[in-house]
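Accompanying notes for the structure given below.
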Amino acid sequence: MRILLAEDDQTIADHTRGKLEMEGFVVEHRATGPDVWAEGETGDYAAIILDLGLPGMDGLSILKRWRASGVETPILVLTARGSWMERVDGFDAGADDYLPKPFRSEELIARLKALLRRAGGRAKTRASAGGFVLDEVARRITYDDRPIDLTPLEFRLLALLIAEPDRVFDPLEIARQVQGRDDDAGKNAVEAMIARIRRKTHATAIETRRGFGYTIAGEGA
Ligand code: CA
């Protein structure tokens, strides 16, 4: 499988490339923003590992351009440690996962494989629960057969709940998975998003299990 590695730090790039190749991946490496953008736009890759801090054009702008032009390749973003804003911006721009630097190559590979599994499972791109129908490819969710107008973060949140009906999600876990942060501010943001989604659908579309978290009922419930 071909992977595009976008990283301007030569030491990290060499090390990461070596580990990926040991896992059997074919790695193309690019180190500047414009090169990365052009390669991702035209190349055929199973996934892209994208450092956000690149010379010439930053990773976030590249990501937005790719998504705007219809590039659907799964993208794992590398962010500065603790910079949750970068992660939120990254998810907003269309990243599929993120990994804070410095990272262990074992974790990078585990995340990459999970990303590829999810992408491969896109044959199963539709899921439904509690009146919601999720279409991963079209990035669209309907409720009672009506499309809902969602922000990218609201979409991620709903998709998470729909993918596992009847599972009760702790708000901090939702914040971590949706926004890449699990502090009080992240939790508050999740609560605000849930309230907005309910206004856009129905007050009981997402259930609150007091003291535990949020869930969407399965079809059989
Ligand atoms: Ca960098």
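The backbone N, Cα and C atoms fix where each Cβ goes, glycine too.
On the 0 to 100 pLDDT scale, the DNA-binding region (124-218) averages 90 in this prediction. The DNA-binding region feature in TrEMBL is assigned to 124-218.
Per TrEMBL, the feature domain 'Response regulatory' maps to 2-116.
What TrEMBL records for 124-218 is domain 'OmpR/PhoB-type'.
Summarising the annotation, TrEMBL assigns 4-aspartylphosphate to Asp51. The Cβ of Asp51 (4-aspartylphosphate) lies under 8 Å from the Cβ of Ala6, Glu7, Asp8, Asp9, Ile12, Gly59, Val77, Leu78, each of these being in the same chain and 6 or more residues away along the sequence.
Asp51 (4-aspartylphosphate) falls within a strand segment according to DSSP.
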